[in-house]
Amino acid sequence: MPDYRSKTSTHGRNMAGARGLWRATGMKDEDFGKPIIAVVNSFTQFVPGHVHLKDLGQLVAAEIQAAGGVAKEFNTIAVDDGIAMGHDGMLYSLPSRDLIADSVEYMVNAHCADAMVCISNCDKITPGMLMAAMRLNIPVVFVSGGPMEAGKVKFRGDEKAIDLVDAMVVAADDSYTDEEVAEFERSACPTCGSCSGMFTANSMNCLTEALGLSLPGNGSIVATHANRKKLFLKAGQLIVELAKRYYEQNDASILPRSIATKAAFKNAMTLDIAMGGSTNTVLHLLAAANEAEVDFTMDDIDELSRRVPVLSKVAPAKQDVHMEDVHRAGGIMAILGELDRANLLDVSVPTVHEKTLKDALDKWDIIRTEDPDVYEFYRSSPGGVPTQVAFSQNRYYSTLDGDREKGVIRNAEHAFSKDGGLAVLYGNIALDGCIVKTAGVDESILKFTGSARVFESQDAAVEAILGNEIKAGDVVVIRYEGPRGGPGMQEMLYPTSYLKSKGLGKDCALVTDGRFSGGSSGLSIGHVSPEAAEGGAIGLVEDGDTIEIDIPNRTIHLNIDDATLAHRRTVQEAKGWHPKEERKRKVSKALKVYAMHTTSAAKGAVRIL
């Protein structure tokens, strides 16, 4: 039977000094021998998805104490991708994921914590904490801050639901007045919480449900609803139970690596494809699997994408549907329930809250349960009042959305499409693969052939788009924006949004070794691997080259002969793999260190050891 890790610093005469310090934090004689639970918070006033988390760590801590544990809270950093977007701040977003993972490891191992509750929410925070959980392999429960409510705007006689991306698109569209743009801006993000669509933050919080590491509703119930408080209270109680099961009953089945097995990662990716999640989730699942020492690769993702249907379309794929609508339809447990009925899941895998995923679905899938409390939970609705306060309203929808033919969540028979919302493409421009969010691509351009317009940075591409230099039929190629080349693998939300603003959302493609925001849609192909800085063929594309994209057949092809491609490679290798034009970009020492040690997107942009 394993000893409590905390015993290292709480027992023995040689630890008198450490115990003295523990006492100075409030511990008493009776606390030594109890499990020490790290409450890993990520409160910050910089990020709307985290601004309401300040007191929630202590809410969880109180439940831990009441359940017989000792709670000790610390904070991680949290970068807001939306605020960091469109300037050099975005260089820091992806590297912050690894910094968060390291900081959690440092704090938990330095202080010998026995277990942890991870309070996350936005884009890189959940992945960073997930990587740390897999690395540490101690009992853990994830609980996120929750989605913000969708914005509402009365525009030219109609009321519509909007989000951050809508504000960005109209801001670059000259047909809107300054007053109209300001109204979108004021209305887009009305409450605390992660941005309201199926963007990266919400995608990752949904995936923790599928991985079995968080409670039902974690990914979907809005941050403002009183029922979300129940998740935090339950997390505090549950983590003490899990810690005692492992350390006092020798039950290793509740450890993260026992729960997040390859089968669980495949379940999570199956969910991701079915709900049209952010392409960033591919990076993060690959990275988490790497930490868990699970053999989960791009090939697994490719195989799943060919047979998993799209069962839900949420903004940005369907602009009038947001996470609050997914919750009303039964949340993630409902999507998993439909996938189970289509025989696309392994429901024998365990979770932190039920013995198996099957047991969880029997209890929480609104189609199969008869529990009125579950029905009420999923009727939790937005409050419609701007606020930065968690759990501040208690409104309910009058009915659930159980329509599986035309509703927000469909069954497999009535799927939006028969193959997945994410796809892996291969070809001579992406030998190790690239990713496209097919759920956000119009059917008319699933096959697309166009002429390359090559840019050595996101900034240059944005300037060309806003300057009306991009025309229908162009393939915008943005390179040297990968994990090494950026460095930091910037998101390309501005270029995709501006293409929409110019009316080119269905007439152009964008191909990059960078990545896309979860808010991006359109024919946006990212994570091209190998990246240009690694000698990838994207670094050999020239203006005017023809690029053929065939999503149904999962191919992307630079239409030049092998001899020409080989000649270009010889010339480029002599010059070195770097942008042809000098970029106005300040790369700090921290970013240079990141660039030296990161791998390609095809491997999750994890570090080389």
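Using the three backbone atoms N, Cα and C, a Cβ is placed for every residue, glycine included.
Annotated Mg(2+)-binding residues in Swiss-Prot are Asp81, Asp123, Lys124, and among Glu463, Glu469, Glu481, Glu491 the one listed with them is Glu491. Most buried of the binding-site residues Cys122, Cys195, judged by other Cβ atoms within 10 Å, is Cys195. The Cβ of Lys124 (Mg(2+) binding site) has Ala78, Val79, Asp81, Ser93, Leu94, Ser96, Arg97, Ile100 as same-chain neighbours under 8 Å, each 6 or more residues away in sequence. Under DSSP, Glu491 (Mg(2+) binding site) is assigned to a strand (E or B) in the three-state scheme. Apart from the site residues Asp81, Asp123, Lys124, Glu491, the chain places the Cβ of Val79, Ala84, Met90, Ser93, Leu94, Cys122, Thr200, Ala201, Asn280, Ser517 no farther than 8 Å from the centroid of the site's Cβ atoms, the recorded Mg(2+) location. Taking the Cβ of Ser517 (active site, proton acceptor) as reference, residues of its chain lying under 8 Å away and at least six apart in sequence are, in sequence order, Asp81, Gly82, Met85, Phe199, Thr200, Ser278, Asn280, Glu491, Met492, Leu493, Thr496.
Within 10 Å of its Cβ, the residue among the binding-site residues Asp81, Asp123, Glu491 with the fewest other Cβ atoms is Asp81. The two recorded residues Asp123 (Mg(2+) binding site) and Cys195 ([2Fe-2S] cluster binding site) have their Cα atoms spaced 10 Å from each other. For the recorded site, Cys122 ([2Fe-2S] cluster binding site), the DSSP three-state label reads coil.
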